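Straight from TrEMBL, the features:
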TRANSMEM  7-28  transmembrane segment
DOMAIN    40-143  domain 'Cytochrome c'
BINDING   C54, C57, H58  heme c 1 binding site
DOMAIN    185-292  domain 'Cytochrome c'
BINDING   C200, C203, H204  heme c 2 binding site
DOMAIN    311-401  domain 'Cytochrome c'
BINDING   C324, C327, H328  heme c 3 binding site
Amino acid sequence: MALDRTTGGLALIAIAAYGLFAALWGVAPVVDHPLSRDPATIAAGKYLAAAGDCTSCHTAEGGETFAGGRPLATPFGTIYSANITPDPKTGIGDLNSARFYQLMAYGADSPLDPLYPAMPYTSFHNVTREDSDALFSYFMSGPAVEQPATPNEMSFPFDIRPLMFAWDFLFASRKPFEKTPDKDEVWNRGAYLVEGLGHCGECHTPRNAFGAMENSKSLKGAVVGDFEAPDITPSALDGRGWSREDLVLYFETGASPRGSAFGDMFLAVKKSLHLLTHDDRMAIATYLMDVGGSQPSKGEAVVAKLGDDAHENRSGRVLYLSNCSLCHGPNGQGVEATMPPLAGNATLAQPDGVNLIKVMAQGLDPQRVSLTLAYGPMPAFRDRLSAGQMADLANYVRSVFATNGDDLPKLGAEEVSRILR
Ligand code: HEC
Ligand code: HEC
Ligand code: HEC
């Protein structure tokens with residue numbers, strides 16, 4: 001009895017404290033703008049939806065476009081995306097532009113019903129109100145699909161949705177995007193896309209124990225699913241041999257002199273970056289490669305180094321020639337539009353070697369970005385090579401093909417086993 005009273009009392013205090021907190025912090029009030037049915041606005045919204053890759057998350061495999069229900073695995077449970085078609089009962093048909101903006105930018109249109117940050121409002125707060133309104137026009141112009149939400153499978157206490165409001169208070173920014181005055185328009189456009197709709201940091205920025213992006217390490221690399229989304233800050237990209245032109249090509253086609261996009265990055269290219277204008281891809285590359293000066297492609301320097309045939313790592317060289325050179329070429333040159341080059345490949349230049357080892361062990365599925373560009377599968381070598389052989393092979397390809405080969409640490413069999421565990 002006494003215990004019940006204590007528990008009850010504590011619960012009351014918690015509810016009162018929460019109520020006070022919600023009332024004080026609240027959801028920033030936003031004015032409603034009338035819904036535009038102007039075809040130009042709808043077209044602008046469609047483009048912005050591609051830049052935000054709304055399709056990937058909001059369409060289930062084999063499901064109706066934007067009707068939601070796609071499972072997103074998080075360390076705290078599985079979240080199912082929402083139906084964002086204009087159906088008034090199960091979709092967003094009952095929203096207005098103000099509530100749509102609050103959901104996009106703050107992840108909540110009421111303190112009692114916040115979204116989980118699986119929806120990247122943690123990046124979308126950088127989206128302007130004008131762009132949010134255009135997105136709303138686009139989504140409201142599409143076909144309404146009646147499809148009720150799939151219940152989430154979150155572990156306690158994360159299944160208590162209102163708690164997310166406290167999470168937002170601690171970790172989510174509500175600050176709108178601000179231009180950096182001493183940078184030009186192209187750079188600022190790139191910053192807007194990368195930090196906002198492009199939500200690159202959601203994969204490329206490391207997270208803390210509460211699953212929030214660590215802003216002090218913005219874009220410094222993180223593990224997402226099978227692979228590592230590498231450090232894409234300017235000096236890191238520069239160190240791995242990227243130029244602006246390489247990046248623009250990579251975003252357009254999924255392939256470049258620095259190698260091809262795979263895993264989640266392949267999807268980001270195919271569903272989003274590939275659909276952007278050349279100018280926007282250039283803006284993104286300009287922002288990412290903000291290292292100043294001209295940036296010559298470093299591919300040629302790498303090929304020149306290959307003239308030397310006698311190599312100290314004989315085992316690695318023999319393994320390369322017998323297992324890899326058939327597809328990637330004896331000089332690592334690859335085959336145009338069919339096999340990515342390994343000479344100058346940025347995956348080889350990542351210091352920890354995680355993606356290189358994982359790709360080698362697990363292989364990659366075939367990929368087609370465009371009509372003219374299709375990669376066949378990359379075979380898995382897990383059952384054909386020992387950890388020691390993979391280490392020799394990795395050390396060999398890194399030393400002869402990576403633009404920063406001389407600076408990379410040597411990998412051992414134990415590290416290979418650890419990466420694959
Ligand atoms: C990384 C995955 C992801 C991306 C990308 C994404 N969303 Fe979401 N979105 C979600 C998830 C998951 C939810 C449901 C969250 C929840 O239930 O708390 C959601 C919820 C929403 C909601 C709230 C719906 C409602 O009725 O409460 C809106 C609106 C929305 N998203 C719009 C968008 C738009 C517009 C874009 C593209 C600019 C977008 N989302 C991109 C994952 C995503
Ligand atoms: C049968 C042909 C084939 C063989 C053999 C092969 N690869 Fe690949 N490899 C590919 C293809 C195709 C891709 C691109 C796959 C994609 O992006 O979908 C690829 C991708 C890669 C990548 C990822 C980098 C990038 O830019 O996509 C690495 C690293 C790699 N291969 C290393 C190796 C190594 C090391 C060997 C030998 C152990 C090897 N490959 C053997 C065909 C092959
Ligand atoms: C859903 C997760 C995800 C999102 C979102 C994402 N990336 Fe990636 N990215 C990855 C992964 C995983 C890799 C590693 C695989 C590869 O190299 O293709 C990668 C690789 C890259 C690379 C190649 C780096 C190298 O040296 O090989 C670049 C450049 C890049 N991403 C830029 C971006 C930009 C710009 C955005 C935002 C517009 C973005 N990414 C959004 C997951 C993501």
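Keep in mind that glycine also has a Cβ here, set from the backbone N, Cα and C atoms.
Feature annotations (TrEMBL) mapped to structure.
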residue	record	DSSP class
C54	heme c 1 binding site	helix
C200	heme c 2 binding site	coil
C324	heme c 3 binding site	coil
Would you mind splitting the domain 'Cytochrome c' (185-292) into helix, strand and coil residue counts from DSSP?
56 helix, 12 strand, 40 coil
Beyond the site residues C54, C57, H58: chain residues whose C-beta lies within 8 Å of the centroid, for heme c 1:
G52, D53, T55, S56, T59, F66, G68, R70, S81, I84
Looking only at the domain 'Cytochrome c' (311-401), how are its residues distributed among DSSP helix, strand and coil?
38 helix, 8 strand, 45 coil
Using the Cβ centroid of C324, C327, H328 as the reference point for the heme c 3 site, which residues of the same chain not in that list have Cβ within 8 Å?
Y320, N323, S325, L326, G329, G332, G334, M339, L342
C200 (heme c 2 binding site) to C54 (heme c 1 binding site) - Cα separation in whole Å:
13
H328 (heme c 3 binding site) CB neighbourhood, other CB atoms within 10 A:
22
Spatial neighbours of C57 (heme c 1 binding site) among the binding-site residues C203, H204, H328 [C-alpha, 10 Å]:
none
Nearest by CA distance to H204 (heme c 2 binding site): which of the binding-site residues is it, out of C54, H58, C324, C327, H328?
C54
Sparsest-packed among the binding-site residues, when each Cβ's other Cβ atoms within 10 Å are tallied, from C203, C324, C327:
C327
Tally every other Cβ atom lying within 10 Å of the Cβ atom of C200 (heme c 2 binding site).
22
Please check each of the binding-site residues C54, H58, C200, C203, H328 and report the ones with a CB atom less than 6 Å from an atom of ligand 3, ordered along the sequence.
C200, C203
